[in-house]
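Only one structure is covered here, and it is reproduced in the block below.
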């Protein structure tokens, strides 16, 4: 029995299912995204080790080059406003809203040089993805041990106050018009990104940190709702319940 006719028929059937089924298309794209993350991380890790011989924030240039190509595969476009506000010659803290596994693509669009990131510890166990994050100099915190995580964030807060390090919020518009796991939607679309003016910490004390965080959150929420109201490419708008993660 010939093997190729059966293989061809199976591939054509799979293609038909993907074209007809929204759920199948969603699963196929998520699978492709995960496969790209794994393969790109593996190749990037080898390049990072050969070039810089280990863990350094300089490896983020290599990581950014790989991840920045993902948007072309998935038909995503980024409209960025205020990028020049990240071109500072002094330390600063960058905060952004979290929405989904696609956040990484948006992050790499605005990530400044020599930016040290903080991520949850669980990500380091994701095989090649965890390895490339480690090589990129990302600092991992264990959210299961709240005392450790709070200590790390408290140290960051104290340093902001001590060194007058400003906070620069970066906001991404809602993904809901092109990406929604509940409805199995994953299509092309446009993501609006806005970098806000730096929020100063000069003159503040540690006791002012909660109020400072609330100021940041309110500014980010207002911007998120504003830039998410604009109809995107497929004619959808962000729903009223869409809000940035706290």
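The backbone N, Cα and C atoms fix where each Cβ goes, glycine too.
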Ranges 85-103, 104-122, 123-141: which does TrEMBL label transmembrane segment? 123-141
Matching range for TrEMBL feature annotation, transmembrane segment, among 33-51, 52-70: 33-51
Long-range Cβ contacts under 8 Å made by the transmembrane segment (123-141), restricted to residues 6 or more beyond its ends, are 37-38, 41-42, 44-45, 48-49, 52, 54-60, 63, 116-117, 148-149, 152-153
May I ask for the residues of the chain that lie six or more residues beyond the transmembrane segment (33-51) and have a Cβ under 8 Å from a Cβ within it? 59, 62-63, 66-67, 70, 73-74, 101-102, 104, 127-129, 131-132, 135-136
